[in-house]
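Some features that Swiss-Prot has for this protein:
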- S108: active site, nucleophile (ACT_SITE)
- H133: active site (ACT_SITE)
- 1-13: compositional bias 'Low complexity' (COMPBIAS)
- 1-23: region 'Disordered' (REGION)
Amino acid sequence: MSPFTAGPAPARTPRAEEGDTPATRFDDRLAEQLLDQRIVLLGTQVDEVSANRVCAQLLILSAQDPRTDISLYVNSPGGSVHAGLAIYDTMRLIPNDVSTLAMGFAASMGQFLLSVGTAGKRYALPNARIMMHQPSAGIGGTTADIEIQADNLDFTKRTIERITAEHTGQSPETISRDGDRDRWFTAEEAREYGMVDQVVQSLADVRPAATRRRMGL
């Protein structure tokens, strides 16, 4: 399991390890109905189980139709950085545009995944709350172990800052400063910051649409 979470955690006990999302928690029949609409729902913490599910659904939908948008709906408190990066890399891997929608609560890695949707297709519902902060991890062991873990945490932090900056238009320095403590955004504030492109109230605004392949027709 990833030792890094996008949020504070007790020493040696990362938040994502406090209880990975059981596979049975998600209603399979409901998931199938959403997939028929090309909608992937991340409605839990980001951990190995939920990330594998989301990645698999993105890959399946892309294989079925590589030209039509896929929607990722986010209502998540965040969790494992490495699990979240697996989802991000899969979003970049497939040729489809992936729109994102914040519904309810998008915090930490939930905020990250919301922000990295396809430009122009990142949405938030009016009463959604978005929270950004830095990755963290419990660090312990020998002096050498602590140095290695600290270097790895710094690398992870810089990676998240760089990617977030690329997708929001903010500088990495601004992302680092603003994420030093929990920073909360309303949907409109998230739009102004560059995390989302539009605050929406209608399904017509976020319904998946046919799109060209990123690499050509």
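Glycine is no exception: its Cβ is also placed from the backbone N, Cα and C atoms.
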Taking the Cβ of H133 (active site) as centre, how many other Cβ atoms lie within 10 Å? 19
Taking the Cα atoms as reference points, how far is S108 (active site, nucleophile) from H133 (active site) in Å? 6
Once the chains shown are all counted, how many other Cβ atoms turn up within 10 Å of the Cβ of S108 (active site, nucleophile)? 31
